[in-house]
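*Asks:* Supplied in structure tokens, the structure appears directly below.
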Amino acid sequence: MDYRRTKRILFFNVFMNCVFISLQDKEKVLLDMVESGGELGWLTWPDQNGWEIAQQAVNGTLLYSYFVCNVEAREQDNWLRTTFIQRHPTATRVFVEMRFLVRDCNSFNAHSLTCKETFNLYASEADADIGTSFRKGQFRKVATIAPDEISRVGNMRFNIETKVVENLSRKGFYLAFQDIGACVAIYSVRVYYKTCPATVKSLAAFPETVAVAGVENQALREVVGACVENAESEDQPRIYCTVDGEWVVPVGHCQCSPGYEAVDDTCQADVCKPGFFKASVSNEACEPCPKNTHPSGPGAVSCPCLEGFYRAPEDPMTGACSGLPSPPKTLTSTTAQMAIGKLELSWSPPGDTGGRSDITYNVVCERCEGSVCLPCGDKVRYEPSNIDIKETSVIVSELEPHLNYTFTVEARNGVSQLSSQRATSTISTALHYTDPPSVTGMRLVERSAKSLSLSWSVSRRANPSTIHYKLMYCKKEKDEAKTCKTFTVLFLEKNTAEIGGLSPSTVYLFQVQALSPESKVGSNSVEEEFSTLPEVGSTAVILGAVAGGGVILLIVLVVLLLRKRRKNSHTRQGPEDAYFSSSEQLKPLKTYVDPHTYEDPNTAVLKFASEIHPSHITKQKVIGAGEFGEVFRGILKVPGRKEAAVAIKTLKPGYTEKQRQDFLSEASIMGQFSHQNIIRLEGVVTKFKHAMIITEYMENGALDKYLRDHDGEMLSFQLVGMLRGIAAGMKYLSDMSYVHRDLAARNILVNSNLECKVSDFGLSRVLEDDPEGTYTTSGGKIPIRWTAPEAIAYRKFTSASDVWSFGIVMWEVMAFGERPYWDMSNHEVMKAINEAFRLPAPMDCPSAVYQLMLQCWLQDRSKRPRFQDILSLLDKLLKSPDSLKTIADFDPRVSIRLPSTSGSDGSPFRSVSEWLESIKMSQYSENFSMAGIVSMEQVLQMKSEDIRNIGVRLPGHLKRIAYSILGLKDQTSTLSVFAV
Ligand code: AMP
């Protein structure tokens, strides 16, 4: 029987059932007998009677197998060698998977002794293909291949056996199958090595890795990976590849970068969609943008703050943005109950904290003198501190008296440092000592028989110009104790006094008290007694001198006499002469000529005024009433000259010649002046029955009325500008040695450009013309409220008395036409002035302007500024408007006069309209009634915003009403006090 044929048939049939398993990714095949197809070109040895190749078409594919079945012959040694298999450089270990059939030896009965049921696997390494040269000795045995299943006829059993060839090191190798007498068919040989395939685990990518033993033959091989794109890890990710091609134990943790969110094995930016953000390296999802931020774009790592909102450095980027706080509210300063030099600032927290709780405050102090403000420096103390305070009050000490301080309190929170904007509230306050300084010593400077000169000093530093003194003295009766029962009182601005009119050889008791500006009450007084000298030439003295043989006394007498003479001569010259002769060295180019020096006043008129023909004048409308007749607005049309608007003053019919001359004398005076701020004379009509004086037309009429009509509507700067014009006009007049005598706002005219011009000139007008003119004891008619004390007392009218009047005009202007000294009688005014009281600062009056007024009202006329000084100071103020920002202290109780009939219930007015009328705000009566404010009780409840809400818009009016309410509330207010 031909076994071979039998076996071939037997084996070939098996192909039909052959199962091809798919290759796994991790197996890298170096040789695959089935896959290669075609003739494999394997070497068989010996050439004959050994391994044979068979082929069969299965499903159109040719499949090959090797078989051998020499079970009958003895000592079989048949080799089947593969082609050269290239090795992967790192694959030191390869797997050889064989599929084969082995026939059961028992199925060959006769030859059971020589029949084998195993074959051997050999391997031989080489660096290159050695072709057909085959030497058995070069092969090492890998394994004996024994079948698990033996095949019998009709029962074919496939075996799959995998053997490992290890420690390979050369470029390639050969495998060989040795048959030693079995009946074997090999259908498939697959040679492969294993890898751990490229993978991504926990966002870390690991490369494909050959699965071979690791260091020291460990079964695990450490592999270093890298985080996937847009992921990061603190430690390098690692993993282990087993020899079986399995990844195990990943180490290290990759997480998506900011702005990226994990999707499967990747980190994606577009998952973090607009309006969302992810700030950190994490595997968290993106979060929605927090409060006060811009919605972010895709893949945002943070959401930027909206404009005006910030994140403090310590704020997390994931947190909301916060804004600046609003300024501290209701900043107030209190000096009450505080010791000298201290005040307490307190405020309320800002309404808006910017959404934060870390509010602190900084306090900045500036001290202001005039318009100049400087930092307060280190000297000033703050309790608890001036920076970074959490409290809402601070006690400021070591302040100096009589300086204006400005305190700025800034509310800050954690983001304030990120903005240049400041949330500040400012308060200005002048610290006045509540008690005046005390007088420390009084001494006699000089004495005579009828006078005593005294001086004294004050205890501590204080602005001397703001301290005034009250000197009381009386004659000391012999039997009297050291106090006076009745005494004379003098109010003084200086710490010296010269008391005249005393009796010779008499002891006088003196008491001096210092008065600080606001206290009005004196400190403890110092008492001294001094006596006058005996009368010069009195028998007693001469006798005394002779009796004492007193040559020395004689010398003293001579010295005293000389002094007296020198003093007398000084008195004769008079301080006002010094005032004009010493300082006004520069004589004006032109000097005013008194028309009375002309024998015929008509000559004077013709000399200084040009005659106008009445036909050139057209009267249009009565605009005022003068002492001598009506004043018209009209047109002047002189042939060859431009038509001009003019004011026409007429002389009423029935005048006397004296009245006519007085009337025209104004033109004689006016005609001598030519200045921007002096009303310009166009001409006169004298040659006709109806005499007329024609002047330039001033559209806005008299200044006092104009200001009353525009109360609160003009800025300090504009008001000071008007004063500047008046001062310039007055300087011109004083340069021409003209003394006006009736300078008052009612005598200033205002044109359409709000230029102010001095008007109302005339010789008799002070006596006749001015409704304010009051007969004085000396017989003259004088506008008391505007006139300097020396002019009232002894008719000493000089430019210095005009300066006093200018001070009153300044006050009228700054008070928008308020009547000086309100409803006080002329007598009360004179008394107050003599007692050193002065008008208080008008509301909102710049401090520098008020100081200038006070200078104009110095008792000693030689100390008053000259118009030249006034003009240059006003110019200076106008050049630096900041200098007008410091506002003089204003006392509403004094400056808005409340009726003296104030009731005990605190509401002296019977109706709201009566009250409004008293404060000259009647125009708002309807606003109050429309708003339902019909009783004074309701008025007292009103706050600033309520006043604004009912329609009072002008700041001046708002203040006037608010201050009045304040004054009404303050029952303790002393209404008549306005001491300076
Ligand atoms: P007098 O007689 O100068 O006091 O003038 C009486 C009033 O007439 C003044 O108060 C003004 O209202 C008005 N008045 C006088 N002169 C002028 C003028 N030049 N332009 C406009 N109004 C004038």
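Residue numbering: from 1, along the chain as shown.
Including glycine, each Cβ sits where the backbone N, Cα and C put it.
Feature table excerpt (TrEMBL):
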DOMAIN    27-201  domain 'Eph LBD'
DISULFID  Cys69-Cys183  disulfide bond
DISULFID  Cys105-Cys115  disulfide bond
DOMAIN    324-432  domain 'Fibronectin type-III'
DOMAIN    438-535  domain 'Fibronectin type-III'
DOMAIN    533-573  domain 'Gram-positive cocci surface proteins LPxTG'
TRANSMEM  540-562  transmembrane segment
DOMAIN    617-878  domain 'Protein kinase'
BINDING   Ile623, Gly624, Ala625, Gly626, Glu627, Phe628, Gly629, Glu630, Val631, Lys649  ATP binding site
ACT_SITE  Asp742  active site, proton acceptor
DOMAIN    907-971  domain 'SAM'
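Where in this structure would I find these features, and how exposed are they?
*Replies:* The DSSP secondary structure for Cys183 (disulfide bond) is strand. Note on Cys183 (disulfide bond): other Cβ atoms within 10 Å of its Cβ, all shown chains, come to 26.
Secondary structure from DSSP puts Cys105 (disulfide bond) in a helix.
Glu627 (ATP binding site) is surrounded by 18 other CB atoms, counting those within 10 A of its CB over all protein chains shown.
Secondary structure from DSSP puts Asp742 (active site, proton acceptor) in coil.
Per-residue pLDDT, averaged across the domain 'SAM' (907-971), gives 83.
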*Asks:* Near Asp742 (active site, proton acceptor), how many other Cβ atoms are within 10 Å of its Cβ?
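*Replies:* The answer is 24.
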*Asks:* For the recorded ATP site, whose residues are Ile623, Gly624, Ala625, Gly626, Glu627, Phe628, Gly629, Glu630, Val631, Lys649, find every other residue on that chain with a C-beta no more than 8 angstroms from the centre of their C-beta atoms, and list them by sequence position.
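*Replies:* Not counting the recorded site residues, we get Thr650.
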*Asks:* How many whole Å apart are the CA atoms of Ala625 (ATP binding site) and Asp742 (active site, proton acceptor)?
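*Replies:* Cα-Cα, rounded: 17 Å.
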*Asks:* Have a look at the recorded positions Ile623, Glu627, Gly629, Val631, Asp742 and say which one has the shortest Cα distance to Cys183 (disulfide bond).
*Replies:* Ile623
*Asks:* How many neighbouring Cβ atoms, not counting its own, are there within 10 Å of the Cβ of Cys69 (disulfide bond)?
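*Replies:* Cys69 (disulfide bond) is surrounded by 22 other Cβ atoms within 10 Å.
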*Asks:* Just to be sure I understand, if DSSP states are collapsed into helix, strand and coil, how many residues of the domain 'Fibronectin type-III' (324-432) fall in each?
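*Replies:* Going through the domain 'Fibronectin type-III' (324-432) residue by residue, I get 3 helix, 52 strand, 54 coil.
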*Asks:* Around the C-beta of Cys105 (disulfide bond), how many further C-beta atoms are within 10 angstroms, looking at every protein chain?
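*Replies:* Excluding its own Cβ, Cys105 (disulfide bond) sees 19 Cβ atoms within 10 Å.
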*Asks:* Cβ under 6 Å from an atom of ligand 1: which of these recorded positions qualify? The list is Cys69, Cys105, Cys115, Cys183, Ile623, Val631.
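*Replies:* Going through Cys69, Cys105, Cys115, Cys183, Ile623, Val631 in sequence order, those close to ligand 1 turn out to be Ile623, Val631.
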*Asks:* Name the residues of the same chain, 6+ apart in sequence, whose Cβ is under 8 Å from the Cβ of Ile623 (ATP binding site)?
*Replies:* Val631, Phe632, Arg633, Ala647, Gly701
